[in-house]
Amino acid sequence: MNKYVVILAAGKGTRMKSQLYKVLHKVCGKTMVEHVVNAAKGTNPDKIITVVGNGADSVKDVLAGQSDFAFQEQQLGTGDAVLAASDLLENLDGSTLVATGDTPLFTAETFNNLFKKHEESGNSATVLTAKAPNPFGYGRIIRDEDGNVLRIVEQKDGTPEELAVDEINTGVFCFDNKELFKALKQVGNDNAQGEYYLTDVLEIMRKAGHKVGAYEMPDFSESLGVNDRIALAQATKIMQRRINEEHMKNGVSFIDPDTAYIDSDVKIGNDTVIEGNVVIKGNTEIGSDCYITNSSRIVDSKIGNHVTITSSTLQEAQMDDNTDIGPNSHLRPKAVIRKGAHIGNFVEIKKAEIGENSKVGHLTYVGDATLGKDINIGCGTIFSNYDGVKKFHTNVGDHSFIGAGATIIAPVNIADHSFVAADSTITKDVARYDMAIARGRQTNKPDYWHKLPLSKDKEWE
């Protein structure tokens with residue numbers, strides 16, 4: 001049987017009070033509509049169609065290559081939105097699942113179970129339902145004695161007996177595709193909103209003698225729709241718990257999982273420990289047996305095995321096996337730390353490679369440089385790479401020693417086994433085995449204390 005998924009993503013989302021199109025707000029690193037598309041992909045459908053309206057180009061950019069698109073010119077209700085996909089679907093055999101782009105918590109497992117229930121039951125329409133702890137505000141599912149769905153009753157229209165029902169409509173449906181589009185053409189807009197409701201299709205199908213059923217999913221929280229910032233925060237919290245629990249099942253330890261903020265695409269190896277107040281975002285990959293301490297932030301970075309990150313920030317950076325950094329250091333884009341290297345506290349590295357077993361201990365800036373292996377960079381060293389117009393590169397060879405307080409003014413090449421004396425300002429190349437000293441000689445003034453006007457001040461004696 002052919003399977004199709006239609007995702008409704010044309011609403012304005014005015015309650016978000018945002019310039020950003022509603023379904024493009026992110027939950028754990030992905031836009032809401034991407035989460036829904038990913039769940040849809042998990043059903044292996046023959047076609048995914050996203051119905052767009054407001055912000056159509058932005059949604060198309062995000063979902064390029066993942067979905068076909070239909071355009072809803074005016075937002076005239078959910079029924080009208082699905083009908084916008086008729087040119088792509090109307091005459092096809094199979095089953096169509098309809099979901100909304102502002103429900104990021106649905107899983108592929110739930111969508112697969114809905115397809116399965118729909119097919120096995122021989123329904124023309126199957127409603128995805130859930131038992132709500134507090135069903136107020138939701139449409140209630142009213143069934144007959146055989147469990148078939150008679151109707152969906154909205155809060156404002158229900159009798160006391162109907163409103164006592166705790167099974168609610170999640171807004172996701174599965175239909176026989178051809179019957180869906182036949183019924184949609186019969187849906188009217190004689191209601192207070194003047195809109196065409198997808199739920200009216202159920203009554204049309206039932207009156208035509210078609211079977212309408214339901215699949216009750218076990219986890220009500222999946223059905224959370226995001227219409228404002230409060231719901232966005234709730235969805236993020238639920239998604240974050242789901243992500244962290246999955247990592248824990250795979251052997252990752254969280255000291256405080258409630259304060260570890262991990263995006264959905266992050267990969268973490270087993271035996272890694274993550275403390276509280278840690279943020280890991282984007283396409284970051286972290287190896288096994290690492291330790292990430294509190295207040296660390298890692299974005300789009302690749303971390304090897306046996307790495308320790310102490311209260312530091314990494315962005316588009318790479319740390320190979322058996323390296324460490326921090327506290328309070330910053331790896332900026334294109335920083336590469338090779339195996340066994342040590343980056344200490346208050347170090348900033350940008351677009352630079354630190355070779356194997358090299359040490360950059362503290363209070364140092366390294367930018368636009370390539371450092372070899374077994375190098376020691378002294379405290380307070382600055383790689384001066386910018387002349388106000390262009391950036392320039394510095395090379396430091398293997399087994400070199402850079403003394404404390406040095407300033408390396410690019411472009412220069414410091415050869416293998418060479419030395420730079422403390423507090424030197426280096427503007428020329430340094431040859432192999434040489435030591436560069438570029439500072440004024442020390443001069444001592446004998447008995448200078450007694451020549452100062454303040455020398456007789458008792459506080460100075």
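Just so you know, glycine gets a Cβ as well, placed from its N, Cα and C.
Computed from a predicted structure; not experimentally measured.
Feature annotations, reproduced from Swiss-Prot:
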{"type": "REGION", "residues": "1-229", "note": "region 'Pyrophosphorylase'"}
{"type": "BINDING", "residues": "8-11, Lys22, Gln72, 77-78, Gly139, Glu154, Asn169, Asn227, Arg332, Lys350, Tyr365, Asn376", "note": "UDP-N-acetyl-alpha-D-glucosamine binding site"}
{"type": "REGION", "residues": "230-250", "note": "region 'Linker'"}
{"type": "REGION", "residues": "251-461", "note": "region 'N-acetyltransferase'"}
{"type": "ACT_SITE", "residues": "His362", "note": "active site, proton acceptor"}
{"type": "BINDING", "residues": "Asn385, Tyr386, Ala422, Arg439", "note": "acetyl-CoA binding site"}
Contact set, same chain, for the region 'Linker' (230-250): CB under 8 Å, 6 or more residues outside the stretch: 16, 25, 27-28, 32, 35, 104-105, 221, 224, 257-258, 260-264, 266, 268, 270
Assigned element (helix, strand, coil) containing Lys22 (UDP-N-acetyl-alpha-D-glucosamine binding site), judged by DSSP: helix
Shortest C-alpha distance to the residue listed as 'active site, proton acceptor' - which of the binding-site residues Ala10, Arg332, Asn385, Tyr386: Arg332
The region 'Pyrophosphorylase' (1-229) [mean pLDDT, rounded to integer]: 94
Greatest inter-residue Cα distance in Å for the acetyl-CoA-binding set Asn385, Tyr386, Ala422, Arg439: 22
Residue distribution over DSSP helix, strand and coil in the region 'Linker' (230-250): 20 helix, 0 strand, 1 coil
From Asn385, Tyr386, Arg439: binding-site residues whose CA lies within 10 A of Gly77 (UDP-N-acetyl-alpha-D-glucosamine binding site): none
Those binding-site residues listed as Lys22, Arg332, Arg439, and which of them has the most Cβ atoms within 10 Å of its own Cβ: Lys22
Least surrounded among the binding-site residues, given as Leu8, Ala10, Ala422, when other CB atoms within 10 Å are counted: Ala422
